[in-house]
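Q: There's a structure below that I have some questions on.
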Amino acid sequence: MSDYIIEAAYAVDSVQDITSLKLSENFAKEIGKYHFSTLQLAFDFYMKYSKSKGFSARKSKTFKNSSGEIYRQMFVCHRQGFRMEKYYTMEKRKKEPRLDTRTGCEARMDVKFVPEIGRWHIFYFSDEHNHDLLDTQFSAMLPVHRKMSEADIMQMMNMLKSGISTSQIFGLLASQAGGYEFVGYGPRDMYNEIARQRRQIPGDTARVLKKLEDMRGLLHNLFWSDGISQLDYRLFGDVIAFDATYKKNKYSCPLVIFSGVNHHNQTTVFAAALIADETTDTYVWLLRQLMFAMKGKTPTSIITDGAMAIRNAVRDVFPEVRHRLCAWHLIRNATSNVGNPSFTPKFRKIMTGDYEIPVFKRKWVQLIEEFGIEDKPWVINMYEEKHMWATAYLRGKFFAGFRTTSRCEGLHSVVGRYVGSRYDLTSFVEHFQRCVAHMRFNEFNADYESTCGVPVMQTCIELLERYAAELYTHEIFLFFRPFFSRAGSMRVLNIDNTDDCIKYIVCKHGRPDFTWTVDFRQEEMIFMCTCLRMESFGIPCENIVKVLVDRDIREIPRSLVLDRWTKKVKSALNDPCGFTRDAVVISRQSALVEFSKQLAAVAAKVPERYEETRDLIMGLYSSYKAADEGDNQPHSGVARSSNPYVHPTTGGSGQPSKKKKRQRCSVCQMEGHKKTTCPWQKDIDNNVIENEAIGSDDGDMCTEATVELDSDS
């Protein structure tokens, strides 16, 4: 064993040695020089390397000598090997199988113990992966990398003792880390750690831990939209929904949230507003501010609850946009206006039925005559507005799966967990943004789920199914997959070749009297079906899938792919988060955070150590801040406004609060300093309330914030 050359610079004898490693581009070439005092340090070393590269590691084969001592250990990529065949052929599954992450990857690192030097040495290393490596932002989400540090556990348990809920603790830890994606673990990991900590505590004690001013200086209407929401609107703003909710702040100002659907079929927030009243003029102002914030991009479809003020405003600002009335509100109105319980389910069936227009008209007449309500004003008005609610008239119009404002109502329920009627405007906006940040974290998790593995194929059309799994996000793929199964029950009755296209007449098995026609233009690879579901939902119907199979087309043609449902929809944006981060700076920051946590864990135990550490840190902070202070330029143009009156419909006193408030920074919203001395001035975009909305033409992170004058004052 004299061939082993030991270099002190490559010795790893502690966790600190691993933490301080600089993983350069040439690191893989030098990896064979490292040697370790223990086997666990060798594994920790490979874990750090795997995280930096976009995969995770696990222990594999272990070799022992005659004395039962380990002398050799293999560490492999987490995608090594394959899932057992029985898990692919299970029948009568009760739930969707887990994503298949095993690809037979052969990347690994082998270490063995060298008795002559008393250390573990790397004798085999392969970095050849047969799969794509994850972005570093996603590698931290791999289960083996999701670990809470001792400092985080200590802080979490202390906050639990203070009565802070578990979900709020995760939000606070995310704020400290600079965002949910930088925490390094998820809520489930935190819940598991809490359970583990409680199991270690005997007895029942563990289980008990459970803006512009008007002439009177009063804010009238407030609208805001941050840079990430504006980027989301660019991608998903084709369909928006909005309505008002109440009792979300101490002034009882109605809260209006503009929302849509992202590529994971999740609700996403485009903008929000607090308004003084619900008049047509107010909603017109609101929609115009939305257009200003979104650089003039208009939606193609809008869903509302049908309030007259909203209808008038939509007609004024968006005369060409399709306006759909919420089905849930219509059904509720049908019950109250007709008064016969038997009418409601039949009305619902006609409203949601996928009929041809002549069939709809015939069924409507039959329904009205059956209940003898031909002369009711509500019935007459509903028929006049049938193009706003009847599926027969909305077929082929894209609404991203929206039929009701229930998404809005569900969103209001989520917001209610973050904000309450006791909050003033400052607290309300802060907590509302925390709610939005958590929704974005859910999207981040969904991005990870769609990236880290491949669903198990379950249909006989495997090539098309696999292509769809690689193309669409996981949620959209699960919505689309049943169409492959249904395509297997479709029949092609006739094929008619015309001058400009090929017409396929298809029907369900056993239903030759009920047919659809699929037009296929071979030169442009365009498919159009008379069911119009592709146009309505942006996903090919089973009739089109049947034609694809019949023509042995193995990939979904580009004409049938709606980008908004794909995994790569955000790749068109150079910087979807609205800001850039230098990788070296991130690495340094992560290392400093980890060192700081370890220091805090030991320094906080003794009062003298705590004070000494605090003074040293604050001294360094003040010194560095003074050096950078010249770069912080004051920003003018901030308008001041007093609190609004309590909304008159609530019967409040109508008097603005006179309680003196502490000085609060307009940049970071913390108390005790102002914007010109804020240490985060360079890193956080200003939320400024001015006479006009504030924009950014280059797409940088910005916040649109607009308040309205009361013109009568």
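Yeah, the Cβs are placed from backbone N, Cα and C, and that goes for glycine too.
According to TrEMBL, the protein has these features:
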DOMAIN    514-552  domain 'SWIM-type'
REGION    628-664  region 'Disordered'
COMPBIAS  633-644  compositional bias 'Polar residues'
Q: With Cβ-Cβ distances below 8 Å as the criterion, list the same-chain residues six or more beyond the ends of the domain 'SWIM-type' (514-552) that contact it, or say none.
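A: Same-chain residues near the domain 'SWIM-type' (514-552) but 6 or more away: 354, 394-401, 461, 464, 476, 479-480, 483-484, 486-487, 490, 492-493, 500-508, 558-560, 562, 564-565.
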Q: By DSSP assignment, list the helix, strand and coil residue numbers for the domain 'SWIM-type' (514-552), in that order.
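A: Breakdown, helix to coil: 14 helix, 11 strand, 14 coil.
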Q: Average pLDDT across the domain 'SWIM-type' (514-552)?
A: 94
